[in-house]
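Below: one structure, written as structure tokens.
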């Protein structure tokens, strides 16, 4: 009876350890689908306007965090016509544009931090006035570098089209690896404690059994 209870306790402890480790490892790597994406933009992708817009607006699938938001309005020469910092209101991001914005083709280059804490970025194009056609900028690294601080250790990245917002996978991978290491450490510690407790319990049970046997033996006369 005593050994049966001991086996049940050991199995319950092992199951609990497995559950805890699974939970820790499970939250180590966020799902890619958790990153926010763009629902709409004003102006729209490749939209041609008769006059210059007062501001650029973007709406995302979830609230945007109030840090690290960058939105540039770049012309074909690489000049940025955005005025001031973007305004964030829940899932909407607004960026004022210079009042003297001339006719021409423009590319909006944006980067925000989504609700799950990961930066996403992209671009979209629009034209104003007598512009012949909406262009697609080939680079624009100079304008982006002057307006947005860059991590010197990180490799340069190119803005991606609006239809595919680009999450930064390096931080996600690092967070996932850290979660996995912590999970394995916790799991190993729990197993060690369970095994030590099991060994101590077995020793006490053996000692108790030997004592009972000694007491139950009558001396020979």
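Placement of Cβ uses the backbone N, Cα and C atoms for every residue, glycine included.
Whatever TrEMBL says is automated annotation, not expert-curated.
Note that this is a predicted model, so its numbers are computed, not measured.
Looking up the ranges 141-167, 168-194 in TrEMBL, the one annotated as transmembrane segment turns out to be 168-194. The average pLDDT computed over the domain 'CopC' (35-128) stands at 96.
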